[in-house]
Amino acid sequence: MRNSVSDHSFYIESDEEDDHQEKHLDKSEENGDGNESDSSNYSNDDDDNHNDRLESKPSSYNSAWPQSYRQSMDIYSSVPSPSLTFLGTPSLSHLGSSFLASSLTKRHTPEVLPSLHKPLISQAEEDQPPQRRSSHTLLPPLPSRRSAIKKFPDEKSVAHELPVSRQSSYGQGVLNGINVLCGVGILSTPYAVKEGGWAGLSILFIFGMLSYYTGILLRYCLDSQPGLETYPDIGQAAFGTVGRIIISIILYVELYSCCVEYIILEGDNLSALFPNAHLNLGGYQLDARHLFALVTTLAVLPTVWLRDLTILSYISAGGVIASVMVVICLYWLGLVDHVGTQSKETVLNLSSLPVAIGLYGYCYSGHAVFPNIYTSLEKRSQFPAVLFTSFAIVTVLYAGAAVMGYMMFGDSAESQFTLNLPTDLVASKIAFWTTIVNPFTKYALTMAPVAMSLEELIPSNHTKSHMYSILIRTALVMSTLFVALKVPFFAFVMALIGSFFTMLVTLILPCACFLRILKGKTSPIQVVTCILIIIIGSISAVIGSYSAVSKIIHSL
């Protein structure tokens, strides 16, 4: 994710002049930086400078679909500087927007800085042919390497005269990790204990340890070859273009499914607060749940049309605070207000344990963003510590909510513990509205990568590309409403996502890619561990997905 001087691997350039200039620029960088070393990819002390050098080399990994993955996941996972524009409304501020840089991960490139001194559309840019197949209304224009070198020969000195702010610190990396890992899954942890029993809670910790290990494997994959920057890049390095496309589709479907969960969550919680709400629409009677699902969809639709989501991304960082706040409210209600039902508790429930597997698996679905977090770190040797801290904190939050929620409500726990809370207490209202407001900021950020990937299929020179972008995003939003109304089972949908998609993205694929990319360079212990994780992930995916689908069909 760190944008280096030759970071235009998004574009395929075959001009000999560009290649010559790029080599000259890389050579001058190496001569000017005495900190660069020839350390190995596995070095914890010198891999920061080594990876900086690797990223300065051209790459062809990002030339295949999806080209927008890195940019869209950057804004999805971090807090950029505020800027607000709509689709099809270019602005100067957008040149430094979250698609290229973010204030939390603090990435600014020498290419972006000079571009701020140029007009919005220069003559050189107008004369150049389209360089990527995507909608002009979505992806921000990046200055070509040729024009940047010719017109700004001193751009390196310009960049270094400013504070180096493209790299994130240890604390910022931890905050990004927590923000990605800790989401709406925390609401279903008491229900997961209900489905699996107290003994099933151990699955949460097992998945936490395995997910941490596979996150480290992704780092080894990224360090194995120059140009690897994202999860799809890793898939391409391991299994070719087919692997890149398959992994990308899996990641995008997982994000789309999370948006469906947001609609279901809003309908459930708002209908719990206002159970008597209804609407007669064209002869159709909408009850509270259907009404609020529709209202939520119409409310988030304009946010999905935004060209620059930096405002929402900035606000969505409050998701960490929101998760902590909800858990605090739960403990307050249980320990101070003595809310709870003296319901039966189960030690082990084998019949519904597969559902609990999916729910616990969903808690650690953040691997799609880990490469972004890793490449944004100022000291990449800190990545294991960043990952460990993030996993430790979110595991404590998940386990704390699971234990207190199940102690309070036992086997009467609902799919979201907020649905068990009384609506007349202050702490309950805080928990309710915190849960309700949070998805409004996350929906557009979660849907943006999916929309951007589809918009890449629109020819960049199409005269109606802006209209097609609006139509694509509107269709995606409306389709999530349709799915949410047809399958309104929050816990079972989450269990399906956690069992199938999360097991693939978090456990199976990182190990498979690691074994394929680093074939012959791995130790016997690593090989055995990866094979064991793949087996665990495959078994969990099969039984969890089957159980979740069976529950959904039975409920229908």
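Here the Cβ of each residue, glycine as well, is placed from N, Cα and C on the backbone.
Here TrEMBL flags 1-65 (among others) as region 'Disordered'.
Summarising the annotation, TrEMBL assigns compositional bias 'Basic and acidic residues' to 20-30.
Per TrEMBL, the feature region 'Disordered' maps to 123-145 (among others).
Annotation source TrEMBL lists domain 'Amino acid transporter transmembrane' at 167-548.
Taken from TrEMBL, the feature transmembrane segment applies to 174-193 (among others).
According to TrEMBL, the feature transmembrane segment maps to 199-222 (among others).
Within the same chain, residues 61, 64-66, 69, 183-184, 187, 231-236, 293, 296-297, 300, 365, 368, 416, 435, 439, 442-443, 446-447, 449-450, 453, 476-477, 480-481, 483-484, 487-490, 493-494, 496-497, 501-502, 504-505, 509, 513 sit at least 6 positions outside the transmembrane segment (242-265) and bring their C-beta atoms closer than 8 Å to a C-beta of that stretch. Taken from TrEMBL, the feature transmembrane segment covers 242-265 (among others).
Per TrEMBL, transmembrane segment is recorded for 311-333 (among others).
Marked as transmembrane segment by TrEMBL: 353-374 (among others).
Annotated transmembrane segment per TrEMBL: 386-410 (among others), in sequence order.
As annotated by TrEMBL, transmembrane segment applies to 466-485 (among others).
The transmembrane segment annotation in TrEMBL covers 491-515 (among others).
Remote same-chain residues near the transmembrane segment (527-549) are listed as 210, 213-214, 217, 352, 354-355, 357-358, 361, 492-493, 495-496, 498-500, 503-504, 506-508, 511-512, 514-515 (criterion: CB distance under 8 Å, separation of at least six residues from the stretch ends). The transmembrane segment annotation in TrEMBL covers 527-549 (among others).
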Result, the transmembrane segment (491-515) in contact with the transmembrane segment (174-193) (3+ CB pairs under 8 Å): yes
Top partner of the transmembrane segment (199-222) among 353-374, 386-410, 466-485, 491-515 - counted as Cβ pairs under 8 Å: 353-374
Contacting positions for the transmembrane segment (353-374) when only residues 6+ beyond its ends and CB under 8 Å are counted: 1, 70, 73-74, 76-78, 105, 168, 173, 176-177, 180-181, 185-186, 188-189, 191-193, 195-197, 200, 203-204, 207-208, 211, 214-215, 218-219, 222, 228-231, 233-234, 251, 254-255, 380, 383, 386-387, 391, 394, 398, 491-492, 494-499, 501-503, 505-506, 510, 540, 543-548, 551
